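According to Swiss-Prot, the protein has these features:
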- 89: active site, proton donor/acceptor (ACT_SITE)
- 151: active site, schiff-base intermediate with acetaldehyde (ACT_SITE)
- 180: active site, proton donor/acceptor (ACT_SITE)
């Protein structure tokens, strides 16, 4: 198994500097990771840093709370793509999901989907804040909107990826979308457990540790 090709090499901390971002790009090239995942202000820097590699540019949108306006999310996604993003990881509006305003949640995702045509869209549902039924509903709405992936977590809330959530999400989306596990995955064993239970992609800041075992 080419574990490196499952890894979105990630740095989303508020205090990340341009030098830090360049460093993870160099690491992504060295280890041949699938992508580098960053906040949107660094999209163009990552694009430039990865121009001679196969690694993709992944940018987060509405991160980490998902509570910004739909127009703002769509604009951030559109701008990220203009700056060179190949993939967009957006956060759903969690509060609206929990109050069962599914129409809002759908329109929110759809607006970002419409702004990202031709690019990969991953929808972060923040599993640690949801019941199993809410997780299923979030996955169903994401699929309905044409998301390419559903993703467990931001890594900035009360918990990260769990094997049981990955399995639930995979069972829900079946072959209609892929699953990205992220948040708290620090070892090869943890990454393999996620993959064995349905994860198609791993988001981690510990990518080197994961592939080196």
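Even glycines carry a Cβ here, placed using N, Cα and C.
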Residue 180 (active site, proton donor/acceptor) and residue 89 (active site, proton donor/acceptor), distance between Cα atoms, whole Å
10
Would you mind reading off the Cα separation of residue 180 (active site, proton donor/acceptor) from residue 151 (active site, schiff-base intermediate with acetaldehyde), to the nearest angstrom?
4
Please list, in sequence order, the residues in the chain of residue 151 (active site, schiff-base intermediate with acetaldehyde) that are at least six apart in sequence and whose C-beta is under 8 Å away from its C-beta.
89, 122, 123, 124, 125, 179, 180, 181, 182, 203
